[in-house]
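K.L.:
My questions all concern the structure below.
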């Protein structure tokens, strides 16, 4: 390629990116939106003629932009920040990611997409954009508000989950990349990945503080910048050579450099370089948008956008409230998380590049991100008014459980130490039983799912047109365990309600019991519903689940006593000791 062609392409990208930043600043919109629009305008899919001569070179620049973007996120993140994240942020992130993955998967299957496309859609929708949210909060001067602190903590936990997702995606792609991925190969690659991350982290924590302390002595920003970039690209290259994502390597490099004493200084000197290449990255993403594809998929784009806004606001607000935030603050934090961004782009890019996901998924992701990015500042600005409006029109029957739950959380601070210790022992024992039941359910369903995929042809020959036989058998086998888990969840909810509300307020205690029981029931329902729909399809799975619920309702007591009897027999067997020699 002629050097002038490279210069021309780079000049075109940066001129349009600069114009986009000016336009976004004037319209008070996130610059990411402008970069995507600039890419669309100069891309090969927009008439009358493409303005970029060599797309492959731009793709290479975009790869560098991805490395710099992830390195910058790693520098902003730190192990110390992770340790300071409160329980609210952890609860919000876990609920949001799990529920959005499920909702995205179900929506993808409802569109008639393949299993892998639906799985990727779920992963794409589960991640919010750190870059867009932080910029929007800074522009609105809301970074010090209490709800913003919940958002920042949630984003830190989300970053960790996103990196784990990227690692899993690149591992699965390297191990197979089809809908029938070799689970053994994936597990082996995950083991190798864990070893790589542990060794790199240990070596980095030992070497980076010494290296950057030595470089800092010279007082040269240039030396600091070049050393940091060298570390960044070296670890990214190492990750690539080991068949992992360069994004993972760059993020890991940023985290390790951030742990050195020079971390804040490195972040400051790297920022201009990161901003330039990040602009190229987002412009390159915009260049991949095909207007014809967006026209063809306008309905999925609309419905996915609606799911992102409603789903993320709902799950994040619910998670923050469960974690202990007041209802109004929880809703405000939820309205600040309702978008997808850089991690979603990277997940979609990995899927399409590896041939695991269909090509249309990428432009659909970019379109949804563009719309939700545009909506983000308005959602954050209107969160106060919306929360007040919702509080005014919320029915009393819903307000009461919310108030009792809030008082219940506060009441634990008034319990005496010895009483609190006794309560903790009882609750821990009941929780352990529930977790064991859930592990058993997951193990049985996972085994039947693997067996159904492994022996698909044999089952079809043995039971033609009855491919549901194994999933049905697994669910029937799980019924006693499910009923036992639900019984324990109800008992735990009653115990928690009694402790928190007290015996003198029967109405409040009943409301709290029902609310807690509904929350505890969610994981069981999610596991069973997800398995059923994955194995037998959405509508057949739902019908099958309703039939099994009817059977469980009729045989509830018998199934519960059957599982309890089996549990007691196992406990008695384990408790037996061989007689000592002197006793007969």
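Heads up, the Cβ atoms here are built off N, Cα and C, so glycines get one too.
Heads up, TrEMBL stuff is auto-annotated, nobody curated it.
Sharing the record's features from TrEMBL:
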DOMAIN    16-380  domain 'Cation/H+ exchanger transmembrane'
TRANSMEM  60-79  transmembrane segment
TRANSMEM  88-107  transmembrane segment
TRANSMEM  119-138  transmembrane segment
TRANSMEM  193-212  transmembrane segment
TRANSMEM  246-264  transmembrane segment
TRANSMEM  276-295  transmembrane segment
TRANSMEM  301-323  transmembrane segment
TRANSMEM  360-380  transmembrane segment
TRANSMEM  430-448  transmembrane segment
TRANSMEM  468-486  transmembrane segment
TRANSMEM  515-533  transmembrane segment
TRANSMEM  539-556  transmembrane segment
K.L.:
Should the transmembrane segment (301-323) and the transmembrane segment (246-264) be scored as in contact, given a threshold of at least 3 Cβ pairs under 8 Å and pairs 6 or more apart?
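P.N.:
Not in contact, no.
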K.L.:
So are the transmembrane segment (430-448) and the transmembrane segment (360-380) touching or not, going by 3+ C-beta pairs under 8 A with a sequence gap of 6 or more?
P.N.:
no
K.L.:
Please indicate, using numbers and ranges, the residues of the same chain that are 6 or more beyond the transmembrane segment (88-107) and have a C-beta under 8 Å from a C-beta there.
P.N.:
118-119, 121-128, 150, 152-154, 156-158, 161, 303-304, 307, 311-312, 315-316, 318-320, 322-325, 333, 337, 526, 529-530, 533-534, 538
K.L.:
For the transmembrane segment (60-79), find every same-chain residue at least 6 residues outside the stretch whose CB is under 8 Å from a CB in it, and list them.
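P.N.:
For the transmembrane segment (60-79), the sequence-distant neighbours (Cβ-Cβ under 8 Å, at least 6 residues beyond its ends) are 10, 13, 130-131, 156, 159, 232-233, 236, 246-259, 263, 266-267, 270-271, 273-274, 277-282, 284-285, 342, 346.
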K.L.:
State the non-local partners of the transmembrane segment (360-380) in its own chain: residues 6+ outside its ends, Cβ under 8 Å from one of its Cβ atoms.
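P.N.:
Tertiary neighbours of the transmembrane segment (360-380) are 28-30, 32-33, 36-37, 117, 120-121, 124, 129, 132-133, 136-137, 139-140, 142, 285-286, 288-290, 293-294, 296-297, 300-301, 304-305, 308-309, 313, 332, 335-336, 338-341, 344-345, 348-349, 351-352.
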